[in-house]
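See below for the structure under consideration.
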Amino acid sequence: MAAALVMNNIQISSGIFRMTVQSGMGGRPGQFYMLRSKNASPLLSRPISIFNVEEDRVQFLYQVVGEGTKRLAGLRPGDEIGIEGPLGNGFPEPSGQMAFVGGGIGIAPFYYALKQWPGADIYLGFSREAYLVQEFERLSSRVIVDVGGFITDRIDLSSYDQVWVCGPQPMMLAMQRLNASSGNTGKVYVSMENRMACGIGACLVCSIRTSGGRRKSCADGPIFPVEEVVFE
Amino acid sequence: MIDTTCRIADVVFKNPVVMASGTFGFGREYARYYDLNKLGGLSGKGLTLHPKEGNLGLRVWETASGMLNSVGLENPGIRRFLSKEVPYWQQLDTVRIVNLGGHSIAEYEEGAQLLEQFSLSGKAAGQKAYDMIELNISCPNVKEGGMAYGIHVETAREVVMRVRRATTLPLVVKLSPNARDLVGMAVMCEEEGADGLSLVNTFSAMKIDIHKRSSVFENLYAGLSGPAIKPIALRMVHEVCKAVSIPVMGMGGISSAEDMIEFIMAGAETVQIGTHNFVNLRAGEELTAGLEAFMRREGIQSLTEIRGIL
């Protein structure tokens, strides 16, 4: 595992951290890195999507969920971190009027996306507490925020040529239904968050069901056209 | 000059570091990180005669110094492997092992026949497709077949005998630590003409979600691997090495050169690296270099000096 230096690691909301790592490896919106603190336990790295890329720095937004992310949250500037990436394919080439839809920690890929396509509308859905809204508003005048409701209720798919989605499974399922009722035009892409072990397509623990058979979230995705995913 | 070569039947490994089935795909993914020709060998993803989708639901859970997996032998099937992966394998200069799984004795036998025929047709053209079969009767995550054959000696005997008759390729049998009589199983494999053994596969284990009051896995149990199992796996490899005269590929939680040395001192001919490939994508390269450094440091010229000294 390659090593990189942590430049900062800041708590920005309850259980939500933003970490900046010195790495010239860059990446595209929707790609991810495998991150691992140097502790012996837990064994596996955590797949974390790219929040931002600046010159020789990559930023990650993550939520403390279990032991692995707790270890990440304990890292201080100057600490070494195990890092592999960028991995996965990222979102497809954008076209026309774009919308980005993020739920909770799923807003992470859209900061960097919005920097590249500031004309996009961005929908941010939070269950309890909103965060980073001002940062997003600095990049776009069309930021729609919802706390406690269903952000998917606010979207009219017919207004967009392409919609990128990242969030919890119920939200992506809602987007799939919305897409089906609007005639499956094939323009909605979802980022599949999944437990991974290797992150490179060898272990098959992140395998998901799609209309085209089993696919690997890490190496074939994590981005898939929403109508292809079979949610279990 | 340090000699790290190992041998099973007439197959020579340039060093004892072999990547374990199920953790290494068919090698391509790791080839982006280092030159696979540095490895002693690699064992491909477990194959069944027909493609298999694997298990539903959660497939991985981390434990103290280990992980549980419930992949359930998701694989493209032997025919697709032959057409899509073997051409890639033919470019590699390392020992290439086909891991053969199955759901019935007939399926194991048919799979072995298919591998044999393909191998013979390639041999005529001077194109060796693979070097060895690893017969997997030990997968804990498949309901029929898999571990069911690896538990009882007499059921396993039928599979080993039929596969042995079906192929002239060197044959290693991968044993389950869940076998009722592991040493008896190993002795049976030797009696039935196996050229070697590999052990151990994952330990049947479980994780309960106490809030949902159910197993986190659809299959109830899953397979435990990683450093947590190393002391038990080492003891099992030692016991089996004492009981048989065919070579053993030892594995279970190996994550350093020192771990590999332990297995070789316990009697293993080669080792296999599994879970550690996930922890460090460059494990194969680093462990190979680490082993040579250890031998140089300790003044060991050949692994035969330390193999089975306990």
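Note that Cβ sites are derived from N, Cα and C of the backbone, with glycine treated the same way.
Cβ neighbour count for B:Cys139 (active site, nucleophile) (all protein chains, 10 Å cutoff from its Cβ): 27. Positions annotated as active site, nucleophile by TrEMBL: B:Cys139.
Taken residue by residue with DSSP, B:Gly252 (FMN binding site) is part of neither helix nor strand, so it is coil. Residues or ranges marked as FMN binding site in TrEMBL: B:Ser21, B:Lys45, B:Gly46, B:Asn99, B:Asn136, B:Lys174, B:Val200, B:Gly226, B:Gly252, B:Gly253, B:Gly274, B:Thr275.
Residue density at B:Gly72 (substrate binding site): 27 other Cβ atoms are found within 10 A of its Cβ, drawing on all protein chains shown. Among the features that TrEMBL reports, substrate binding site is placed at B:Lys45, B:Asn69, B:Ser70, B:Val71, B:Gly72, B:Leu73, B:Asn136, B:Asn201, B:Thr202.
Annotation source TrEMBL lists domain 'Dihydroorotate dehydrogenase catalytic' at B:7-295.
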Binding-site residues listed as B:Gly46, B:Gly252, least Cβ neighbours within 10 Å: B:Gly46
Number of Cβ atoms other than its own within 10 Å, given for B:Thr202 (substrate binding site): 29
Whole-number Å value for how far B:Thr202 (substrate binding site) lies from B:Cys139 (active site, nucleophile) (Cα to Cα): 8
B:Lys45 (substrate binding site) versus B:Gly252 (FMN binding site) - Cα distance in angstrom: 17
B:Ser21, B:Val200, B:Gly274 filtered to the binding-site residues whose C-alpha is within 10 Å of B:Lys45 (substrate binding site): B:Ser21
